[in-house]
Amino acid sequence: MRERWDSRTAFILASIGSAIGLGNIWRFPYICYECGGGAFLIPFLVALLTAGIPLMVLEYSVGHKFKKGAPLALGSLKKGFEVLGWFALLVGFGIATYYAVIMGWAFNYLGYSFNLAWGDNTQGFFFDQFLRMSESPMRIGGIQWTIALGLVLTWIAIVASIWKGVRTVGKVVYFTVIIPWLILLVFV
């Protein structure tokens, strides 16, 4: 039997956290600024209201009706649609991997923030001392152990959050969804 959420609130918070996510907190304001400010919001909102939200509701509805994960639920609609579900899972895995790296960097920067290691040159610190980027993409450098440690800590936190299934995730989302929005409100 499939696990169920403890409460409707936990499900809604998990859905909001998945749909809005970390990107809207740290990347969306920058993209708005670079792409015309308020003028960017009009096509963004049109796409969100005509494609994003309806497709999310469709995915949730199909999963609810068939009580299966994305591949099997879409495969129940039509035989060839199962591949779309696997594609959605693959995209989700790619996004999770990408954000895990960003969260690993955040763990590292938390440590660096105690002594303001970046000084006045934040960009130079990031590329030269933190990432230790080589001069050419053809030269592969060594493993940056501090970054690897931050990434390992991130994956430990992720595994601990999902270890016991939906019930644990339901408790974790209260912190991981609400706290970033409160921090964003403080910065505004």
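Including glycine, each Cβ sits where the backbone N, Cα and C put it.
Because TrEMBL annotations are produced automatically, they should be read as predictions rather than curated entries.
Quick look at what TrEMBL lists:
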- 9-28: transmembrane segment (TRANSMEM)
- 40-62: transmembrane segment (TRANSMEM)
- 83-107: transmembrane segment (TRANSMEM)
- 142-162: transmembrane segment (TRANSMEM)
- 169-187: transmembrane segment (TRANSMEM)
Folded-back contacts onto the transmembrane segment (169-187), same chain, C-beta under 8 angstroms, at least six residues removed: 5-7, 10-11, 13-14, 16-17, 22, 25, 161-162
Dominant neighbour of the transmembrane segment (83-107) in 9-28, 40-62, 142-162, by Cβ pairs under 8 Å: 142-162
Residue numbers, six or more beyond the limits of the transmembrane segment (142-162), whose CB comes under 8 Å of its CB atoms: 96, 100-101, 103-108, 130-132, 168-169, 172, 176
